[in-house]
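The structure appears below as structure tokens.
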Amino acid sequence: MGDVGCSHFATYIKEFGYDSFTVVHAYFSACIGKEARRRKALSCLCHKCGGSGPQLFSCLHCIYFGCKGAHINEHYKLTKHFMALELCYGMLYCYQCRDFIYNSECQAIAERHLRREARSLNKSLSWRPWSPSKLEIELLLKNPKRRHVTAYSSIGLRGLLNLGSTCFMNCIVQALIHTPLLRDYFLAELHECTSKTAAKCLVCEVSRLFQEFYSGARGPLSLHRLLHLIWNHARHLAGYEQQDAHEFFIATLDVLHRHCKISMTELAANVAAAAAAEKSQQQPQNQHSNANFHLPQGSLQQQLLQQSTSNAQSLPSTTTGAQPMAPNATNATPADPNPAQCNCIIDQIFTGGLQSDVVCQACNGVSTTIDPFWDISLDLGESSNSQGYGGPPKSLIDCLERFTRAEHLGSSAKIKCNTCKSYQESTKQLSMRTLPIVASFHLKRFEHSSLIDKKISTFISFPSELDMTPFMSQKKSDQQQNPLPGGADRKASSHSTDNVGANGSSTTATMAGASSSQGDEDRGSNGGGNGSQHSRDTADFRYSLYAVINHVGTLDAGHYTAYVRHQKDIWVKCDDHIITTATLKQVLDSEGYLLFYHKKILEYE
């Protein structure tokens with residue numbers, strides 16, 4: 001293949017043009033409409049074996065479908081038709097080059113078809129590999145020099161000036177900067193600001209900070225603009241006195257979330273208006289699904305469509321027996337535990353679902369509430385309960401086990417059961433319904449009471465690799481032994497409860513939006529399908545530590561520092577403007593105040 005692309009494809013285009021590619025891709029690869037999907041289902045079969053895959057090729061010279069490998073290769077050897085289209089991903093293949101090839105015009109046609117397919121199915125566009133825009137191509141050509149990132153590269157590391165007791169802010173910014181998906185989002189410049197003045201947008205300022213961190217410069221940065229914006233949007237943090245790092249973290253996520261949500265709403269409104277205008281313009285032209293393709297009489301493309309129609313008429317009616325599977329597949333999809341959740345980058349990365357199950361001791365009715373959260377706050381003090389778990393926790397696992405342990409609320413905290421129509425004793429258990437990509441844990445080291453305020457400096461061990469499977473709602477429900485023979489048919493009831501943590505502790509999940517309440521019937525309908533069961537069985541809940549924020553000193557005179565994972569197995573300590581290397585042992589031996597874990601395996605929707 002030369003610098004200008006495949007010369008064989010250029011020869012093919014001179015003889016046949018783009019019409020064959022356009023029709024084959026529209027009807028047998030992208031499937032731009034209902035009619036196209038019907039044609040593909042009935043006629044897109046290997047001419048040699050009659051199979052439908054798993055990977056079919058279509059000859060672009062004649063009417064022939066063949067399986068990858070021997071069948072399509074045999075067709076090429078017999079006919080010397082060298083150009084084919086792989087139908088699963090819509091890629092061109094040249095048999096003379098013996099390789100897949102790229103053509104910008106075909107790529108543009110394919111992208112138009114994929115947009116039409118997504119609109120036809122009322123779904124978002126499927127994941128596509130990155131391809132540079134015209135502006136990006138120009139920038140790449142103007143800047144041919146590339147920076148090679150090595151294991152000892154300092155790119156992405158910048159110290160932060162202390163503006164007067166602002167170490168709490170510096171540590172949170174270092175943790176956010178080293179959050180992988182957040183970094184990818186902002187370095188790809190995916191944020192589109194709709195504010196009249198970008199100077200007032202916190203998301204724009206964070207995007208600018210990412211550019212500064214990864215510019216290659218080494219000097220320390222000043223966060224005065226970020227601090228000023230936080231003061232404007234979170235007035236309780238205004239001033240130069242020392243603030244709590246956890247409080248600043250939640251306030252920052254909240255402001256970023258609100259700004260992203262406003263921006264996304266405005267952009268969605270603009271897109272909807274543009275789509276409505278485009279639809280009104282195209283409606284007179286689209287009376288039929290293939291109205292956009294004007295094919296000459298007797299052409300190859302028309303023969304192809306005519307053959308698929310005749311095949312559909314000649315096939316027995318039993319071939320359509322698979323069509324009713326589509327509604328079943330829809331029913332198998334589990335419901336969103338947080339319907340009020342937006343799809344901004346903050347929610348995508350940090351939002352999880354906390355499930356609370358309250359069981360009436362009289363009728364065994366269950367009230368299930370699912371609340372979105374950004375982080376989990378864990379008590380470090382002794383647990384006051386009657387179940388014999390009174391000792392303080394010694395590790396993060398101990399904290400999580402206590403957080404998700406069933407608690408008997410007792411006679412002093414009776415709850416009105418709607419099934420019993422009276423106040424009854426009950427038990428409550430918290431568990432993780434869904435986990436975010438980034439799981440952040442807040443160890444509650446600052447204890448405030450009417451008598452004294454103190455800091456808990458107890459060492460709490462935490463692992464570098466964390467498996468959250470034992471704390472998931474499904475795992476907890478599997479472990480519970482139901483004393484009733486008909487326990488699977490527990491009645492769903494509604495209770496009025498406060499978010500009290502397990503075993504009397506004030507366990508806190510920082511909420512990210514509205515909550516949704518469901519009974520056991522809802523959980524059964526959501527989780528009863530094979531598809532949802534399969535997703536639970538194959539889900540991976542392993543996490544890897546990537547940032548730790550520590551507080552040294554006392555409540556009155558303290559200082560925040562942070563450990564962040566710069567690259568794989570490479571840790572650094574961030575102490576305001578001073579950046580030094582660190583070992584994993586130093587990280588794990590630190591006191592720990594805020595712990596940030598990143599999911600090891602991501603499941604794409």
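Yeah, the Cβs are placed from backbone N, Cα and C, and that goes for glycine too.
Those TrEMBL annotations? Automatic predictions, nothing curated.
Remember, predicted model here, so these are calculated numbers, not experimental data.
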Exercise. Could you check which of 118-148, 304-334, 397-427 is flagged in TrEMBL as region 'Disordered'?
Key: 304-334
Quiz item: On the 0 to 100 scale, where does the mean pLDDT of the domain 'USP' (158-600) fall?
Solution: 73
Quiz item: Where DSSP helix means H, G or I and strand means E or B, what are the helix, strand and coil counts for the domain 'UBP-type' (23-121)?
Solution: 44 helix, 18 strand, 37 coil
